[in-house]
Amino acid sequence: MEETRGISLCDGLRHPLRSVSGSVEEYIMLHKDTFRTALQKICVKRKVSNVEDLLSEKTTVKPKPRFVRVNTLKTTTGSVIEVLSKMHKVDKDDMVPDMLVLPPGTDMHKHPLVTDGKVFLQGKASCMVAAALSPKPGWKVIDACAAPGNKTVHLAALMNGEGSIIACELNKERAKTLQHTVRRSGANNIETVIGDFLNIDSNDPSYAEVRAILLDPSCSGSGISTERLDHLLPSHSIDDQDDGGSSARIRKLSAFQRKALSHALSFPSVERLVYSTCSIHQAENEDVVSSVLPLASSLGFELATPFPQWRRRGLPVFHGAEHLLRTDPEDDLEGFFIALFVRKAAAADALEPSEDGRALGRKRKRACTTRSGGLRAFSSLRLSRMDVLCSIWGI
C-alpha cells in the first residue's frame, strides 16, 4: 500500500473564516496570512520547525486510482492507450466502456489529450450514470440538469454522435460551463436549453419522441464533499454536517428531487430513465425512489438493475431496493447513487448490451420479470396519476 501525506489546516484555525464571493483560489489568497498563522500553530503543536517537516509525517491512506474517460467522438481508446502507456501504466476498466485506469496521483490536467477534449477527467462513478442509461444511437434524449456537462457529452459519445440531446440548465453561469464542455467534446448533437426542466410540458409535441432521460438533480454532494474539502469552506454550515440527511437543507433538496423525478416519469415516450445523485443520504436516494414507485408503476415503469455484477446495491429499506446501485469510497470511488427505470413495454423489446458495452445487440424474446433477468415489476396500484402526484408532493 502506498502512502500519502497530508495536514489539516482545521487543526490550527480557532475561528471560522469569513465568507467571500469568488473562486476558492481567490478566497485562499485573500486569507493567506490566516493560513500562514494556522500553519505556524500546527508546527508548534506537532513540535516541528517548518512545513517541510510536517509533510514528512507519513499517514497511511489507500490511494485512489486516476480514472479518465476516452471521448470516442474525437479519438479511439486504443490510440489513447498507445499515447499514455509511454508514460504510465494503463489499464482498461472492467465495467465502463472507454474508461481507463491510471496510477494514483497521475496529473493529467495539462495533458494535450485533456485540453484537446480527447480525454475527460471523469470519475468512474460519474461515468456509470450515462452508461446505465445506455441510450441508443438516433434516440432523442433529455439531460434534465446538465451542467457542468460531463455526463451530457458522455451520452453523446455513447450515441455515436447520432440522434439529439436536449441539455437543460437553469443557472446561466453554469450553462456557460456546460456549453464550454460541449464545445470541447466536439459533440454536434447537443442543444443547450437555459431554463427549468420542470417548466417543460411533457405533453408538448416537440418532446413526444424523447426516449430517455438522465436526471442528475441538485443534491447535497455528500458523496464527494470530503474529497473536495467542502468542510473547509466558509459556506459549509453546521446544517451541512453529517447528520444522516435529516437537515432542513436535505429535506428541501429531497422534495425538489421527488418533484423532478415525478416530472421525468411523465414524458409519454420515455423508455429509460436514470435518476442519480452524488449523495450518500438515504433521504435523497432510496427515499426519493420509493416515494415515486406508485406513480412509476401506474405509468408502466419498473426498476431495472444497472451493472448487475456490481456488489453494492441500495439500502434494503423497501422491496426492490436491490435493483438500486451505490458506490462508496471503500470502492475507491466517490459516493454516487443510481436508479434505472425502464418502461415495461420497452423492456419486452429491450436490446442487450454487446460485448464492448457500447453498442446494443440482439433482442430478448421476452421481458424478464425475475431477479435473474435484472427486472422486477412494482406492485400494481390502481391510482390515478393526479392522486399519486398529490401524494408525492404532499398536496
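The chain as shown is numbered from 1 upward.
Every residue gets a Cβ built from N, Cα and C, even glycine.
The domain 'SAM-dependent MTase RsmB/NOP-type' annotation in TrEMBL covers 56-344.
Feature annotation from TrEMBL assigns S-adenosyl-L-methionine binding site to CYS145, ALA146, ALA147, PRO148, GLY149, ASN150, LYS151, GLU169, ASP196, ASP216. Shown in sequence order, GLU169, ASN171, ARG174, ALA175, THR177, LEU178 are the residues of the chain, 6+ apart in sequence, with a C-beta less than 8 angstroms from the C-beta of ALA147 (S-adenosyl-L-methionine binding site).
Neighbour list (CYS278 (active site, nucleophile), Cβ cut-off 8 Å, at least 6 residues apart, same chain): ALA125, SER126, CYS219, GLY221, SER222, GLY223, ILE224, GLU334, GLY335, PHE336, PHE337. What TrEMBL lists as active site, nucleophile is CYS278.
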Distance in Å spanning the most remote Cα pair of CYS145, ALA146, ALA147, PRO148, GLY149, ASN150, LYS151, GLU169, ASP196, ASP216, given for S-adenosyl-L-methionine: 19
Cβ packing number for GLY149 (S-adenosyl-L-methionine binding site), 10 Å threshold: 27
Protein Cβ atoms within 10 Å of LYS151 (S-adenosyl-L-methionine binding site), excluding its own: 24
